[in-house]
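Residues or ranges marked as thiamine diphosphate binding site by Swiss-Prot: His80, Gly121, His122, Ser123, Gly153, Ala154, Asn181, Tyr288, Glu370. Annotation source Swiss-Prot lists Mg(2+) binding site at Asp152, Asn181, citing sequence analysis.
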Amino acid sequence: MSVDISNFPNLALADTPVELRSLPFERLPVLCNELREYLLRSVSRSSGHLASGLGTVELTVALHYVYNTPFDRLVWDVGHQAYPHKILTGRRDRMQSIRQKDGLHPFPWRGESEYDVLSVGHSSTSIGAALGMAVAAESEGLGRKVVAVIGDGAITAGMAFEALNHAGDVHKDMLVVLNDNEMSISENVGALNNHLARIMSGKLYTTIREGGKKVLAGLPPVKELAKRAEEHLKGMVVPGTLFEEFGFNYIGPIDGHDINALVETLRNMRNLKGPQLLHVKTKKGKGYEPAEKDPIGYHGVPKFNPDECTLPKASGGKPSFSAIFGQWLCDMAAKDERLVGITPAMREGSGLVKFSQQYPDRYFDVAIAEQHAVTFAAGLAIADQKPVVAIYSSFLQRAYDQLIHDVALQELPVLFAIDRAGLVGADGPTHQGAFDISFLRTVPNMVIMTPSDENECRQMLYTGYQCNGPAAVRYPRGSGTGIQVESEMQALALGKGRIVRQGKGTAILAFGTLLQQAKAAAEALDATLVDMRFVKPMDEALVFSLAATHDQFVTLEDNAIMGGAGSAVNELLMRSKQCKPVLNLGLPDRFVEQGTQEEIYALLGLDGTGIQRSIEQWLQA
């Protein structure tokens with residue numbers, strides 16, 4: 001059931017930015033209130049990212065009101081905060097479909113709207129992309145403006161600073177809006193800051209400043225005195241020295257919920273020359289008290305009743321793989337004081353909350369810095385510590401060079417606990433863990449394990465921890481099978497699989513949790529079902545023995561078929577001249593769309609029914 005737009009009379013008049021810009025300025029505060037309430041009612045019915053969007057309502061309205069989007073280009077970082085942007089750009093009536101199969105994409109997406117100029121999902125890309133657009137805008141000479149909106153978390157990543165450094169060097173006209181909702185840069189927000197921002201972004205101030213530079217250019221002592229006076233004035237209330245050193249003109253911080261101040265400041269800044277940075281202070285979850293008090297809990301929400309002011313409690317069902325990892329980490333830390341846990345800004349998602357509380361001195365959240373996380377782990381390993389890097393599959397992609405150069409090349413004992421491997425579901429193609437087996441399998445000295453259930457996951461984590469070189473355990477998002485998890489930890493035989501069901505004719509080699517979906521197919525086809533456990537080193541002896549007693553193979557994995565575990569089986573069989581027909585089942589050669597995990601596995605033929613159907617059709621062909 002969709003939200004009744006008749007309850008939002010001002011928002012009903014602003015289905016697009018063109019309509020928004022036709023509204024009188026005086027109506028914007030009421031429009032913002034309606035937009036915030038509409039967002040709350042919509043997301044609570046669909047599930048999705050809530051707290052970030054509640055905090056960017058006024059900023060979104062102001063940007064589209066001042067800038068001529070889509071001609072002027074507005075680039076959002078990550079995209080969690082872009083729900084108000086979607087509502088104001090012709091997608092309001094489809095918001096209930098967000099993150100659902102065939103629905104709106106969870107993040108800004110180029111194929112969805114002309115207002116989404118950059119497809120996003122991973123952090124810290126906005127400034128670099130916006131700079132490229134700014135260079136192109138200068139070349140085309142049409143007066144196009146470019147704005148990047150980035151959060152205080154995303155701006156900490158190395159590539160954001162690389163882009164800031166480059167932008168300050170080439171000095172193109174662009175605006176970076178720093179959406180600061182964590183008070184991590186400055187707490188100075190209020191009337192004085194808003195007033196100063198208006199002054200410093202205004203024409204009179206900038207004219208005097210630039211003119212003064214020219215007049216005083218021949219008088220170094222006087223020029224230096226004037227510069228210091230300006231810095232002293234700004235330094236009393238402005239934490240912008242860092243950005244000024246990058247070559248940006250820094251304005252702010254200003255109240256990101258004061259629509260009047262935002263519009264006036266953006267109007268003043270719109271035609272300023274060179275790189276500009278506007279520091280905006282916002283409150284995550286603004287306008288909905290439960291989200292203001294618990295912005296982490298309300299970052300991503302299931303369907304809920306906002307009038308009850310509480311989220312539904314998770315059912316006490318099967319533990320998630322993340323929880324299994326978190327418990328193993330605590331148990332292992334109790335046994336080995338050298339263990340160090342590392343995560344790039346994914347404490348809650350990776351199951352590290354308990355560990356961070358029990359072992360705060362051995363827990364490191366390095367922020368959105370995947371490359372640093374891996375090299376930091378390498379340094380710890382060199383110093384005889386035992387680092388465990390908890391990281392999402394899709395985010396490990398950013399640290400590939402560090403994994404090769406700083407860890408694997410030096411055969412350092414770093415354990416990678418790779419969460420969200422396989423299909424994650426509603427977050428869509430930017431977050432599907434589709435490639436980790438493929439890119440890890442090519443790395444020498446790497447051990448890669450694929451647990452079929454949560455008990456195997458625990459034992460594999462222990463196995464990887466005992467390795468003398470780099471090891472990876474990949475496991476999916478969501479709950480396990482409900483199997484009894486053994487408290488005792490035992491190292492598995494390295495590179496050895498196990499036969500789950502003995503059959504004949506066809507041997508199904510399963511890598512990971514899809515083993516559970518293959519059981520019914522194996523029964524129906526009287527096929528042998530194997531839990532391979534290790535992608536690398538692979539159980540070659542087991543594969544060879546199966547090749548001698550079976551007519552064909554089926555490989556099964558929740559990774560891209562190209563370069564994946566099935567490809568490793570193909571290579572092994574061809575190299576040994578024991579060529580057998582092989583059907584590789586896994587993720588296709590495309591970016592996999594959003595939907596529930598169950599929907600997408602069924603769509604790709606990787607649920608129980610689909611696996612059996614694919615094998616039967618292949619055997620009959």
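Glycine residues also receive a Cβ, built from the backbone N, Cα and C atoms like all the rest.
What Swiss-Prot annotates, mapped onto the structure for a quick look.
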{"residue": "His80", "record": "thiamine diphosphate binding site", "Cβ neighbours (10 Å)": "25"}
{"residue": "His122", "record": "thiamine diphosphate binding site", "Cβ neighbours (10 Å)": "21"}
{"residue": "Asp152", "record": "Mg(2+) binding site", "Cβ neighbours (10 Å)": "19"}
{"residue": "Gly153", "record": "thiamine diphosphate binding site", "Cβ neighbours (10 Å)": "19"}
{"residue": "Asn181", "record": "thiamine diphosphate binding site", "Cβ neighbours (10 Å)": "22"}
{"residue": "Glu370", "record": "thiamine diphosphate binding site", "Cβ neighbours (10 Å)": "28"}
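Site extent for thiamine diphosphate: the farthest pair of Cα atoms among His80, Gly121, His122, Ser123, Gly153, Ala154, Asn181, Tyr288, Glu370 sits 33 Å apart. Under the DSSP three-state reduction, His122 (thiamine diphosphate binding site) is assigned to coil, being neither helix nor strand. Here Asp152 (Mg(2+) binding site) is positioned 17 angstrom away from Glu370 (thiamine diphosphate binding site), judged by their C-alpha atoms. Distance between Cα atoms for His122 (thiamine diphosphate binding site) and Asp152 (Mg(2+) binding site): 14 Å, as a whole number.
It is 7 Å from the Cα atom of Asn181 (thiamine diphosphate binding site) to that of Asp152 (Mg(2+) binding site).
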